[in-house]
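**Q** Questions regarding the structure given below will be posed in turn.
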């Protein structure tokens, strides 16, 4: 069959994402961003107990299901990241499948998710350092915690500002230290606890396992952070999808080890794992290794700091994309000529994320309850964004003529599961400040959308910029 | 992250299919879609998509802005060795003129297809092995000119191999030097390939498009190359300027 003669579509001379430090991050650095944003060290210590409250000893199966779900979400994200390199993460990806309005919703959800997770991570780092000082016998008032958060926030702002390679390096080292500490802690506990097959038998059946999936899935949020480094990764189409999938798999394994250790180790205590406010510390004390708690606190605080850096970096890249599209003020789309980072977005977003927990603590909210509230609200944003991108994936593949049965099947499993998780999560949190908080987010988003429709319809339609192929990328098309 | 697996029995077929996909993109021209490639090669669609994504990931292919169409990427240029074209007589005369003015070796190199090829090496002062220069552009002045002109020099340098104690093997250090080379259009290496030898090279650019087409180098004792050499640089630049309209 003779093919019609082809005309090369006009190409840009310069990528719309120029100004960022293009193609400069190695695979390990990209991987570290995703791992850090998922903050597995913190989740290893806290998530199993939360999930066990719903799932009982079936909590291991809850984590297995959550890992499979995370891998499927990663598959959906990978359909995009193997084909386009974006800085706007799931926001820019959703645009290519579902169009501007859905992408806008995803963008709002991401701003909530990334913004509040950055804030929560800074708070978490402060909380665990406070714990560490408390264990050492130093009484810590709210002033000192606020001070710690401010210092950490300033440090994070400087790192993110001074170049993506520097912050990636800090993230890589911090997270490596943190995971090593956690492996030491859990390794020692596991040796003491010994093998026991009992937890394989769930005591609350399938319903219990299902109820535990949502908190288990919450432990994975942030694992897609590599998707916002597409422009800066050296080989984005290879590294980014691998980083996202690799993070889901690695976190899954870490969580299973952590959950197993805690279920077995605390099984004899009244209430089991679910009854423990500080499960790992209790377990450490039970095994006569109280000094492990220091390592634990340090590891978690470091992990949260890396999480704030990685999530903050992802947040400002979403703001950068929105600034360049005209959805947000154009100033946010600027990049620093020397550091090649979105400096305006960084100087707006990161100080805000640092001040929010300080204000919350100063107004009398306890640090730990501020942390939990922020984290839960962030999970809401993430779930919405994951749902949208998973629905967008098969539509996108169909649009470019590359839909396969496998991709369709993955979306058919993931999307309903995420929708169910979202509904359950919303119903679960009908008490407390959440309905008002979520309502406020939705109203703000709708108002913003209405304004864009009325005043900037062209910019709204342009949503979804990414690092397009430019003339210089083509063979023989150099300049 | 990628464990090295031995070549299994099925893989030769995959390699053959990947090469067929590359050929099909060349034959059909830029903008060909995955569906069309799959139909033309009678490959299962899922296999075609996987191979295309692999080739895009390795940057042999690029996706066009509609995300449907494919074209050859810059890296595909490395699959063919460019034919070294003998420069025109007028250009050789200019190079010869420079040889008579300086007592160092004078070499002319072309950068066709993003690769360093010596097209007029000095017969009286033979340069280093051409294959070595092409393979390790970071140790020669001519190679540094080429690297400094790339949007991403790291994509071309496979290995920062060390030849002498003075070879630059640190990526950030090399990056800073290349930025300086890009700014001045003048590259130097002093004993980075051979302890006692060094060279200076200036860029020759297309007079209309500004594209880097060739480089003119003088090579001599390393310690002499390290000197400012104001007059020599001016002389080489002057000859490079005369060569530009003849080589583009």
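Just so you know, the numbers here start at 1 and follow the chain as drawn.
From the backbone N, Cα and C atoms, a Cβ is placed for every residue, glycine too.
Those TrEMBL annotations? Automatic predictions, nothing curated.
Since the structure is predicted, the reported quantities are computational estimates derived from the model, not experimental observations.
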**Q** What range among A:98-122, A:273-297 does TrEMBL describe as transmembrane segment?
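**A** Result: A:98-122 is the stretch TrEMBL calls transmembrane segment.
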**Q** Which of A:142-164, A:243-263, A:341-362, A:408-427 has the most Cβ pairs closer than 8 Å to the transmembrane segment (A:61-78)?
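**A** The stretch with the most contacts is A:243-263.
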**Q** Report the DSSP secondary-structure composition of the compositional bias 'Basic and acidic residues' (A:11-21) as helix, strand and coil residue counts.
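**A** Residue counts for the compositional bias 'Basic and acidic residues' (A:11-21) by secondary structure: 0 helix, 3 strand, 8 coil.
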**Q** Out of A:98-122, A:142-164, A:205-231, A:433-452, which stretch has the largest tally of CB pairs under 8 angstroms to the transmembrane segment (A:374-396)?
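**A** Out of the listed stretches, A:98-122 contacts the transmembrane segment (A:374-396) most.
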**Q** Among A:98-122, A:142-164, A:205-231, A:341-362, point out the range having the most Cβ pairs under 8 angstroms from the transmembrane segment (A:433-452).
**A** A:98-122
